[in-house]
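Each remark here refers to the structure printed beneath this line.
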Amino acid sequence: GLIFGVYAFNYLWAPIIDRIQIPILTKKLGHRRGWIVLMQIAILLCLVVWSYINPTENLALLITVGLIIAIASATQDITVDALRIEQINENEGKSMAAGAAMAVVGWWTGYKLGGVIALFTAEYFEKMGVADYWQTTFLILGVVVILMNIGLMFVHEPIETDRQSKQKETDQMIEGKLGSSNIITNFIAWITGTIGGPIISFFKKNGFAIAVGILGFVFLFKIGEAFLGRMSIVFYKELGFSKGQIAIYSKTLGWITTVVFTLLGGIFAMRSGTVKTMFVAGILMALTNLLFAALYWTGKSEWLFAVAVIADDITAAFATVAFVAFISLLVDRTYTATQYALLASIGTAGRTTLASSSGALVDWLNGDWGTFFVMTTV
């Protein structure tokens, strides 16, 4: 779990993805696809190495390889998002909503389906009597990675226009502020431009007041669903629901609902607009908390539990599509990967920060979940 926590910090190295070109791969495939292929190669090699590691004898090596996979995967996520955004013109809000829906569905499907395939494959080989069944499973996953790279070759990457020239303009501006031009100042300007350029661009594009307002909105957008957060399982168990019931309604059915209504949310955003969808979804997210309050007051009710969970998943799906489309429209194409990663991280930070206080709030209310949900709705 700690290894894959690197996803929350992928914005730290996102500027490198925007700035550095991969030798040979960038020339042959393009800037974004070159980075994706490099990360896929890293993941493939690590999967092969991982398949031969004995956890009981080489735990440190296992953790190291796992960390490399997590970093490569997080880097790939940033690059895929950047490629998705850059394939759509900045003024095509409807297309951006459709792209956001496909991205969210793809992420959820890969996240859930990947684990299912790995577990079923390992179980199959174990039943077949294969001694190193996990080794075989990881090697098969490596083949899947190769097939994904073949599919990537059919994805069009827009021809780069003025990204590098704009980045160099920022470097020159910083160098001018330093008052001299030499190897040291050039390096300082390059580092400062790489790291600070995306931030300077965001505030310059929107103005300081509007930029701060946007950041605050992104931070607080999912406040409606944030408070329940990780306390949901605790709440369900306190009401007396079994692990099986939670698995069916909150996990399995929740995943199906999320995928279906993410696509419908994309259609709604295309027709009604991204901003309108965000406000509608934000209000509905907060109102669904009242269903959980009703569930607490009425006691254990399986049908109301199903309704509350499904309603929560529907509003969350709509909100996620609108949120992804919204921050995709905000980014400067000169720093696509960095600005998107930063905005996404701010949104995640807002949700997790608020979620961390939910347990303390429930304790302060002496376990009165009904009042808790009413307060979080308001």
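Even glycines carry a Cβ here, placed using N, Cα and C.
TrEMBL annotations: computationally assigned, not manually curated.
Predicted, not measured: the structure shown is a model, and the values here were computed from it.
Database features (TrEMBL):
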type     : residues : note
DOMAIN   : 1-378    : domain 'Major facilitator superfamily (MFS) profile'
TRANSMEM : 35-53    : transmembrane segment
TRANSMEM : 59-75    : transmembrane segment
TRANSMEM : 96-121   : transmembrane segment
TRANSMEM : 133-155  : transmembrane segment
TRANSMEM : 208-228  : transmembrane segment
TRANSMEM : 248-270  : transmembrane segment
TRANSMEM : 277-297  : transmembrane segment
TRANSMEM : 303-331  : transmembrane segment
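Most Cβ pairs under 8 Å to the transmembrane segment (96-121), among the stretches 35-53, 59-75, 133-155, 277-297, 303-331, belong to 303-331.
Using the rule of three or more Cβ pairs under 8 Å, pairs at least 6 apart in sequence, the transmembrane segment (277-297) is in contact with the transmembrane segment (303-331).
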